[in-house]
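Trainee: Have a look at this one before I ask anything.
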Amino acid sequence: MTNLVRWLFSTNHKDIGTLYFIFGAIAGVMGTCFSVLIRMELARPGDQILGGNHQLYNVLITAHAFLMIFFMVMPAMIGGFGNWFVPILIGAPDMAFPRLNNISFWLLPPSLLLLLSSALVEVGSGTGWTVYPPLSGITSHSGGAVDLAIFSLHLSGVSSILGSINFITTIFNMRGPGMTMHRLPLFVWSVLVTAFLLLLSLPVLAGAITMLLTDRNFNTTFFDPAGGGDPILYQHLFWFFGHPEVYILILPGFGIISHIVSTFSRKPVFGYLGMVYAMISIGVLGFLVWAHHMFTVGLDVDTRAYFTAATMIIAVPTGIKIFSWIATMWGGSIQYKTPMLFAVGFIFLFTIGGLTGIVLANSGLDIALHDTYYVVAHFHYVLSMGAVFALFAGFYYWVGKIFGRTYPETLGQIHFWITFFGVNLTFFPMHFLGLSGMPRRIPDYPDAYAGWNALSSFGSYISVVGIRRFFVVVAITSSSGKNKRCAESPWAVEQNPTTLEWLVQSPPAFHTFGELPTIKETRNQSSC
């Protein structure tokens, strides 16, 4: 009973971080199952496993997207790593609002329940994660499925807003003595920028889906031309949230990768301040490019020219980060342990995803490529290999600190190589399919596309084998069997530890710091 009370009512940032990780893992497995069903359907031309039910196919697409974005990447990145390590990294005893932290987590399971029930009610919600009207309107989706999905989004949105308020307050007000803003570890900076993005973008989404809800149920016509509304207004509102959202998913990953590259190159991060201002620039510019998702809806030519240029400008701070990671590794004494493998894999694959993004930024090219598999390949290279590789990298980097036990290195490396091979085999052929004109969200296709689709589906099965390997690693590491106890600082940085988590025991005590640490200087800015 006391154990149950501890986990239900916990206000400890480490306990809540662990809950987020468990929740993210469960949602991630479910989302992966949906993605495998999608790839099984697309393995060959014609109807395969769904019996020609095209609505069901789109329900799978929608559920896969929502699960992966709102219930896997965000809870694990921001809720898991953020809760676990932000207070430790800044020398704080806990988060600023511990009970708010608790409710932020416990809003997510009901939200997940609502999402899953939306897939089971009537014919499900087959709108895609964008939930565009008129497809999501009451005439096209007459049951309660879309309403349930909207309520699910509302709940997870409230959870994220409360969490971001908590992170902003914690980072601004609870830094230990001597921890100035310019001494903050890059992961903390990444969470801070992410929290601001959430705080500014989610209310816009909430407004859009609330208007959609009233259009569906109370006869308003916000998005219905018959009553003077405009479905394009919904697209503007959604993407004003949706584009910052993709940076919300990747920015904490940037912070994690910076720590790992620095640790395993035995060097401080190249251009610390440049890295910080690059993240802030990405955050600001992320709000100024939303209509590049809408080049095909009839925007004015000048508008398209602006959004093309603004989208390309985002590549500049992103490039600064990529080249700073490479410069950090340059001349370093690099150790290719599992976290570093995932970090290098991240840099390579994220760069490919970024380059295809530059292609899609051109409004003329995007008109040809919009809603084809080229776009699917692009954002999966950025997310399925960017955000997810950063998650795995962070797990292997900090797992000793979390569990207090070392992970099996060989199994970790096997996990990396299987996953690396699997995801590339899944998503690289999609570029060719997109360039050949294969449209997204359609469960059948002409025979001409059969070869690349078969290869892509085979790659997804390999990825599943890699994910199974990962859970084997988790099981071995968390059990008190053969693997040895983890040192305070497992990566041999004890001579010159750069961040505070390597100065506390593994796992940290329930109350991390007996007394608050005082920061005299950091490697980032040793002249302070």
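Glycine residues also receive a Cβ, built from the backbone N, Cα and C atoms like all the rest.
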Trainee: Name the residue, out of His243, His378, that Swiss-Prot lists for the same Cu cation site as His292, His293, please.
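Mentor: Of His243, His378, His243 joins His292, His293 in the Cu cation site that Swiss-Prot records.
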Trainee: From the candidates Pro429, Pro439, Pro443, give the one listed by Swiss-Prot for the same Ca(2+) site as Glu41, Gly46.
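Mentor: Candidate in the recorded Ca(2+) site: Pro443.
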Trainee: How about the transmembrane segment (340-360) and the transmembrane segment (18-38): do they have 3 or more C-beta pairs under 8 A, pairs 6 or more apart in sequence?
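Mentor: They are not in contact.
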Trainee: Tell me, please, if the transmembrane segment (269-289) and the transmembrane segment (447-467) are in contact, taking contact as 3+ Cβ pairs under 8 Å between residues separated by 6 or more positions?
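Mentor: The answer is no, given that the two segments have fewer than 3 Cβ pairs within the 8 Å cut-off.
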Trainee: Please determine whether the transmembrane segment (103-123) and the transmembrane segment (379-399) are in contact (criterion: at least three Cβ-Cβ distances under 8 Å, sequence separation 6 or more).
Mentor: no
Trainee: Around His378 (heme a3 binding site), how many other C-beta atoms are within 10 angstroms of its C-beta?
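Mentor: The Cβ of His378 (heme a3 binding site) has 24 Cβ neighbours within 10 Å.
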Trainee: Where else in the chain does the transmembrane segment (148-168) make close Cβ contacts, counting only residues six or more beyond its ends and a cut-off under 8 Å?
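Mentor: For the transmembrane segment (148-168), the list is 62, 66, 70-71, 74, 78-79, 82, 86, 95-97, 100-101, 103-105, 107-108, 110-112, 114-115, 117-118, 121, 125, 127, 131, 191-192, 194-196, 198-199, 202-203, 205-206, 209-210, 212-213.
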